Amino acid sequence: MTFRHCVAVDLGASSGRVMLARYDSKHRTLTLREIHRFVNCLQKTDGFDTWDIDSLEKDIRLGLKKVCNEGILIDSIGIDTWGVDYVLLDKQGQRVGLPVSYRDNRTTGIMPQALVQIGKSEIYRRSGIQFLPFNTIYQLRALTKQQPELTAQVAHALLMPDYFSYRLTGEMNWEYTNATTTQLVNINTDDWDDTLLAWTGAKKSWFGRPSHPGNVIGDWICPQGNRIPVVAVASHDTASAVIASPLANKHSAYLSSGTWSLMGFESKMPYTTDEALAANITNEGGAEGRYRVLKNIMGLWLLQRVLKERRITDLPALIAQTEALPACRFLINPNDDRFINPDDMRAEIQAVCRETDQPVPVSDAELARCIFDSLALLYADILHELANLRGEKFTQLHIVGGGCQNSLLNQLCADACGIRVIAGPVEASTLGNIGIQLMTLDELNNVDDFRQVVSANYDLTTYIPNPDSEIARHVAQFQPKRQTKELCA
């Protein structure tokens, strides 16, 4: 067969999309077409911040039906989403409780309990995962302690992409790359860790053994009656994004830039040393047995909240205004935990600047300048941490995802990091999703083969660092800004 048609369902923390890929195996050309795009946002339900997963499922099915109604024969479907969140089911497959978001405050104070009762080094030795207060391990502990009446009803716990695959196929799966984000998978066995799981109060019977990407979960029956395989892709969206990052060599780092920024490098071995623990490095699972050694950064969430609060719809115009402002007048630590989900992001940023005796950003452009400069400096700081960890400097940084369209931030990043930045592809999570599907269909050999296809089919933009830029002069001064209570601590 010359052509393959694969559908990627890519759900982010702020939006979702159903994308159709067409792959010409003879000429190795790959094109994407957006079929359906929809909003994903938090809603308050019974006092909890929750996801509207019924609406998301409706939009997923609508997008798939649109493809089928065009008369296109779909070869496979894959689903990727954000990490750590889950859905509980009873024996009949019906939901138990609410699909609570990681941004909900129910996990406040839970992580410190684990550090005392199990020990920080012991948790890290077992999982190799970064300490984030909303990791699934702490969410499950919050659930079993705060809502114990629900636990007796639970038969299964599915992470978000596995839940939507289940809704399409009726078959359950626990995909490995996303499972590792829970901080509950043992880094040595690739299976659920008995000690960590027992601490949460959840039962091991709720989970099946994690499976590596590339297996067929089951079939979705389209309106025309065709059975279409649903593939377990690298279902954590960052894992998919990294697959589509055209990394040139082992000296290339990546930055998946969106609501979250995830900066790291690929490795065939995990880093679980005392130094890695002190730097709060995470070793998330990747495709083909690779590890994604990285750090989570709050990312463009701060900007997204400001845009929403200020009702700003013309982002390019705002960026143009921002570029005209002087650099580094207002600096914050974007990973300060006070930015996780404040009532008013603008007011929170202003408060930090006021408390640290800086000028206070007032205009929308000043707020954006504060966010962009601070992110670029944080990127530089973390890249330096990662280089020290592996004992070798990086020569270039690949920025992928929606954030790579921000040329101002890309240049600031190059200047602050002092290395060449390669921006693109934009739809990295979608492409990585498609890549695993094509490998499962035996159209491609491996991840490296797929990256060659990405490089040949998608435009990449290079940014050269300017050592004389204003932001480059502030890199050494930024470290004190990070001495706050970080999200990733």
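Every residue gets a Cβ built from N, Cα and C, even glycine.
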Out of Thr259, Thr356, Thr440, which one does Swiss-Prot list together with Ala13, Ser14, Ser15, Gly16, Arg17, Gln304, Gly402 for ATP?
Thr259
Out of Asn173, Asn296, Asn333, Asn335, which is the one Swiss-Prot records at the substrate site of Gly83, His236, Asp237, Thr238?
Asn296
Pick out which of Cys6, Cys41, Cys222 Swiss-Prot lists as the disulfide partner of Cys68.
Cys222
Tell me, which recorded positions from Gly16, Asp237, Thr259, Cys370 are within 10 Å of Gly83 (substrate binding site) if we use the C-alpha atoms?
Asp237
According to DSSP, which kind of secondary structure is Cys353 (disulfide bond) found in, if we only use helix, strand and coil?
helix
Around the C-beta of Asp237 (active site, proton acceptor), how many further C-beta atoms are within 10 angstroms, looking at every protein chain?
31
Top Cα neighbour of Ser14 (ATP binding site) in the set of recorded positions Cys68, Asp237, Cys417:
Asp237
Over all pairs in Gly83, His236, Asp237, Thr238, Asn296, the listed substrate binding residues, work out the largest Cα-Cα distance in Å.
14
Hey, of the disulfide-bonded residues listed (Cys68, Cys370), which one tops the CB count within 10 A?
Cys370
